[in-house]
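Visitor: Here it is, the structure, as structure tokens.
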């Protein structure tokens, strides 16, 4: 039995506001094109200011829980922002840490770091193991830790611990807890055990190079650490705490990143999920929203517990000081300012093992052979029989007689007879009256039974008369045909069988004639539906043989040259190639290289054999027309 316990630490505290920390990465070695310097600067440990883009002489100031400047180390970020929420996991509560910001602002460095400067994720996992080891064994609790690692790529949830898994669904249980069925859960007993699984899984994450970032994350990565502690003594309570460590992909301006093809599709999915995240924050802050759009994106569905849910949440907003990142930084600071207003309601998830009590069985069930299924089957059979009987009129009259009332009256009479002598005089009158009611009920029951028999007889007679009428109507024309012959005596012995043998085929011929019109129409329709494709296939196969091999080969080489070296505009100049298909061809060419032959075009997404044949015919014939 699951119980929901409110937070008990800190007095009567039952809510927890989302803590927001802002981290400013160092200025890159490569200077800005205009040499305008940084657009953001920190004022103290909680305040910063950014230049007002409407008026360069003014600045816009922001106040957050923590501000980490350019010289802040990974250890300082962890100690001030992440470490305070980790003890809640061991008490059956949830915690969440996620990095937000534009591409190239240092989110992955903050969360993962490097071997020399580990980030939030390795430090948080190490701290969880340290907290478990620090617990006194005399407390009477056993701890179990497991991990799961996933990414959201193009709105698909992929398991990084098991790369062969396909898109996984997101579900919600009866207690409104979000979970992913089929996601790999690996039990870990130490940090080295965690590192052994986490490092290979991180290599499975989708990354690519853009103009702004040499190793840009193309997906949102989510690490889940689950801590379950079980009480050794009765009633064996079990508390479950979860830690979500999220590295979000950065929002991208495709005009500056130069994304094309597959990169463009990836950035569209990233920006859409981040836009849905901003809508969720706006609806939570409004306080009047009827529906929070958690289900509009896979990312917000998984972060439902972190934003407005039951987790202790920390958001680390990463920003860049360069002036070319100004609008990305400005929008990230506005989003962080809105997020710190969100209030969560943490509670302890506790499960108590309820002992199973033995169920007493009746004598009928024991006599039936010890299995509880047999009495249930008998009851089902009796119910089916009663339903079948209820369809007849007699069952309707039986229901009106109310035999249960009779049973109650008889029981009442027995109860009265068992009373003491003082009450017998008063009870005898009731007994007499009850007997009269019983007799009246029996008489009514007899009347209903007699009426039911009459109705059943009438129904049978009606059904028999209907069958006779149908039989007479069917046999009437045969009698007329047999009585019609009025020919000479010479042919009487021969005409009757001839008439019968001729009438049947004539009727069949008449029916066949009527059906032949419909059949011809159907055959025409079928021929119209079936013959044209054959004709098209023959035509498609014949037009190549009608051309000279040299001309055909020359046109195929021209098309192959355009596919390998043509720009987006040149690809759109081909027949049956639009903007979307041209971008897909460019993306395929960027990944796999040049097309060795025209048939490689079938490997491009959305290009089927039928479309390829029509594409070849249209382009070769247009080249000949020119």
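Backbone N, Cα and C define each Cβ position, glycine as well.
Note: TrEMBL annotation is automatic and uncurated.
The ATP binding site feature in TrEMBL is assigned to 101, 102, 103, 104, 105, 106, 107, 108. Taken from TrEMBL, the feature compositional bias 'Basic and acidic residues' covers 375-388. According to TrEMBL, the feature compositional bias 'Polar residues' maps to 472-490. Sequence annotations record features per position, and here TrEMBL assigns domain 'Kinesin motor' to 17-342.
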Visitor: Can you give me the average pLDDT across the domain 'Kinesin motor' (17-342), rounded to a whole number?
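Guide: Its mean pLDDT is 86.
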Visitor: Over all shown protein chains, what is the count of other CB atoms within 10 A of the CB belonging to residue 106 (ATP binding site)?
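Guide: Here the count is 19.
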Visitor: Within 10 Å of the Cβ of residue 105 (ATP binding site), how many other Cβ atoms can be counted across all chains shown?
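Guide: Result for residue 105 (ATP binding site): 28 other Cβ atoms within 10 Å.
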Visitor: Here the binding-site residues are 101, 102; which one has the lowest number of other Cβ atoms no more than 10 Å from its Cβ?
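Guide: The binding-site residues 101, 102 were compared, and 102 has the fewest Cβ atoms within 10 Å.
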